[in-house]
Structures are given as C-alpha cells and as structure tokens.
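Undergrad: Straight from TrEMBL, here's the annotation block:
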BINDING   A:103, A:135, A:138, A:233  Fe cation 1 binding site
BINDING   A:135, A:187, A:233, A:236  Fe cation 2 binding site
REGION    A:46-84  region 'Disordered'
C-alpha cells in the first residue's frame, strides 16, 4: 500500500500537477487513527501524506519526501525518534497481553499439579518447585510490563484462571506421565509462540535500523526478556520429556487436545 | 496489501473503529502518536473555549473561535461534528491536563505524615477533573445533550474510559487482572454520576458535589470490601476442605 500511495504521489509531484485530491481523496489521506475530523487545506494534506510515508516504512524505493518550505522545516524539525506505527503498537499490545495470559495459565497449571504429583512422587518436589518459581518470575515480569505500558489485560482472565487450574489438576490426577505430557504440550506451543514473537520483533528492529531510527532500550530489553523466557520454557519441555512424558497413555490424544486448546487460547487472548 | 487497502476504502464507513477505544502500548522511548486534532483545529478550538460560558457549546462559539484565531468564520466547516468538536476538545484537553497535578501524583515526602495512597490519589484526581468543568458547568447540560446523540456516543464513551484509565495510571495503580476492569468501570460510573450531579449544584465551592463524590467512593469501598471478604472466605474454605480430604488419604 505504501508503494501504491507513494508512487502515485511521486508521479503527481514529478509532473508538477496540482494534487487533485478531490478526485482521489482516499488515496492521499493518512490512515491516522482516531481521525474524527477531516482536514481540508493543502498544507495539512502534505503533512499527513508525509506522515503516511513514514508510517509505511516498508517501501523499498523511498520516494523523495514532499518539498517543504524553509520556514516550515525550521519551525517543525523532525523529531529525534519517530512514533511507533499503529501496526507496531498493535503488535506489542497483543503480544504482551497474550504473554501475560500464558504465564498466568502456566503458573496456575504448575500450582495445581504440584500437590497431587508430590504426594505420589515426592522426589519430583524440587523439579516442580523449580518450574513453578520460574513461571512465577515470568508472570511478574509480564505483569510489570503490562502496567508500565498501560496495556489492558485479557478479558478472559477469570476463564483462563479456571481452565488452567482444571487442566493442571486433571492431568496431575491422571498420573505423573500425563502431567508431564501436559507440560510437554503446553511448553511446545509456548516455545513456538515466543519464537514467532522474537522473529517479528527482530524484523521490526531491523526495519527501524534500516530507516535510521533508534530502536530504543525499551524494545531491546523486551527482545532480550522474551528470548530468555523462551529458553526457560524450552528447558521445562526438556524436563518433561526426561520424566517420561512420552509414556502417557493416550499420548497423541492428550498432547493434541492440549495443544489445540493452547492455540485457541492464544488466538482469543491476542484479540480480547 | 494494496488490494486490502483498496477494499477497505470501498466501505469507509465500515471502519468507525478509528476511535481510540483500545489504548495500545504506551511507549516511553518513542513519542506518542498524534492526537485527534491537528494544529489548525486545535488553534480554533482553543480560541473558542473561553467563549463557552457566554455562548455555550454551540456553532456560534465555534465561529467566534475561528475568527479569534484568525480564520474566516466559514472555517467551522473543518468540523463536520459541529459543536460536538468543542465537547470533544474540552474532554480531551481536560484529561491531558490531569498529568500536570504533580503535587497529587508524586507529592513531596513530608516528615511524620503517612504518604497518600492510591485510593487517595484517585479521589483527588477525580476531584481535579471535576473542577476542570467549573467554568462551563452551567452549560454542561448542552454538552450532555450532544454527547447523547448516537453518532457521538462512541467518542464520548471512549473519552470516559480513557479518563478513568488515565486517573488510575497517574495514581500509580499497577493491577493487571480482572480488577483492571472493575476499577475502571466503577470509577467511570462514579465520575459520570458526579458530573451529572454537579450540573445542578448551586452550593458555594461545589461543597454538595464534594459530599456526593465522597459518598459514591464510600459505596464502592463497601461493595468492594464485601466482595473481597466473601472471595477470601470462599477461597479459604475450599482450600481447607481440599486439605482435609488430602489428609484423609484421598488422592486429589
């Protein structure tokens, strides 16, 4: 879309024609969020078209920016850092929200699994405690990030609380192997999910670097945090497989159902 | 992506969700995205605000504001929502002005005094926001009539929810669970009710409004406290029952 808009725009400029914005108003209008009131003057339109060019920084052939008068350029120097685009902000919002929901569920699963498991297999106590403690740290990390960045928690919070506790308790009752299979299924999904997020974030960082923008410590820290947490989740996966997760009786069925549930929960939490 | 965009543009009205109903990622490294008003609109609306006490939330005020700001009176055509733009601008600027009350948000620590808690800050900020309506309160019913129009209602509701979010955030609340929703919903209800009460308040310094606000906060505290106690009791009983069963050797 950026290419489309900007090449059109560039053509207009090259031919020196006035912009017939009354003919194609929607092509030149910025997709500014919360645009309640349309602006009509030409100067403003230039401004918003420039903003939309900046916004869609994916366009490979950056068209020449709109000529600005000296006075205009002097009175409005470009900001040091550009605002994040709507798409980037949306991604960060849903990513942090779904991560918090996931860690909430993980904490509750381990908390519900621990008592039945350690009453029948006391030697697993340190392992369960270790995994629970790590999940609790992740949960508080994401809680802090959510509060800091003013992100709405998922509306399904009470539902996930119930579902995760029921899942943890249910699999623990079914025995050690089933509980470990549950861990295996959940951590596989979560690991893949975090991997996807890291990939998108790295792409975003690369894109910003290419455009000469500063990424900022905030995003760098976020990438580091998610990477670290992903590694710890995958470590849990290894623990689960070491403890006979594959020997759970309907292994395929159990992990399949749990993984489908995880996927569904991720899909929902990203949206509401 | 071009196809998608063009498709979306076929139905421009199907995207009224341009409203900032969902307040996404608040960055500290990057500047915030532009607000709902561009500089021209802001200058006209800013010039119009002082005329509201005399002329109300009307088109006349907008025209006067435009000529005060050095534009021709016809530039009120910039505002397809007409007088509602004045209401929106008032709500928007007053909400942003809350961040200036640093003496409430981060008060200097005083010797021998307990620092003001989150609840106290919420109360104080809500009061400051109500006092932002002081000059125009006798005209506020006109604004409420505009807000109640179906086409303007979504913007007004989103402003209200942004306001309660802003107050909780500035007060330093960090809860991100279900109480996130209940806190904002109850504060929005309290604020809307008190604002309505204030339109008919003739007492000096809005003392009656202050009492009304205190009573509403007390109500919420009682309800919240009761809910908390019931939840705690139920949780304790359930855990105790489970542990009794476990101690009897039931494998759960």
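Quick reminder: no glycine exception, Cβ is built from N, Cα and C everywhere.
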Undergrad: Count the Cβ atoms, other than its own, that fall within 10 Å of the Cβ of residue A:135 (Fe cation 1 binding site), considering every protein chain shown.
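TA: I count 24 other Cβ atoms within 10 Å of it.
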Undergrad: Mind giving me a neighbour count for residue A:236 (Fe cation 2 binding site)? Other Cβ atoms within 10 Å of its Cβ, every protein chain shown.
TA: 22
Undergrad: So if I draw a 10 Å sphere around the Cβ of residue A:187 (Fe cation 2 binding site), how many other Cβ atoms end up inside it?
TA: 25
Undergrad: Measuring CB to CB from residue A:233 (Fe cation 1 binding site), give everything in the same chain under 8 Å that is also at least six residues away in sequence.
TA: A:187, A:190, A:191, A:194
Undergrad: So of all those binding-site residues, A:103, A:135, A:138, which one's Cα sits nearest to residue A:236 (Fe cation 2 binding site)?
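TA: Sorting the binding-site residues by distance from residue A:236 (Fe cation 2 binding site), the top entry is A:135.
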Undergrad: I'd like the Cβ neighbour count for residue A:138 (Fe cation 1 binding site), meaning other Cβ atoms within 10 Å of its Cβ, all protein chains included.
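TA: Excluding its own Cβ, residue A:138 (Fe cation 1 binding site) sees 24 Cβ atoms within 10 Å.
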Undergrad: Determine which residues of the same chain, besides A:103, A:135, A:138, A:233, have their CB within 8 A of the center of the CB atoms at the recorded Fe cation 1 site, and list them by sequence.
TA: A:102, A:106, A:107, A:134, A:137, A:139, A:190, A:229, A:232
Undergrad: What number of additional C-beta atoms lies within 10 angstroms of the C-beta atom of residue A:103 (Fe cation 1 binding site)?
TA: 23
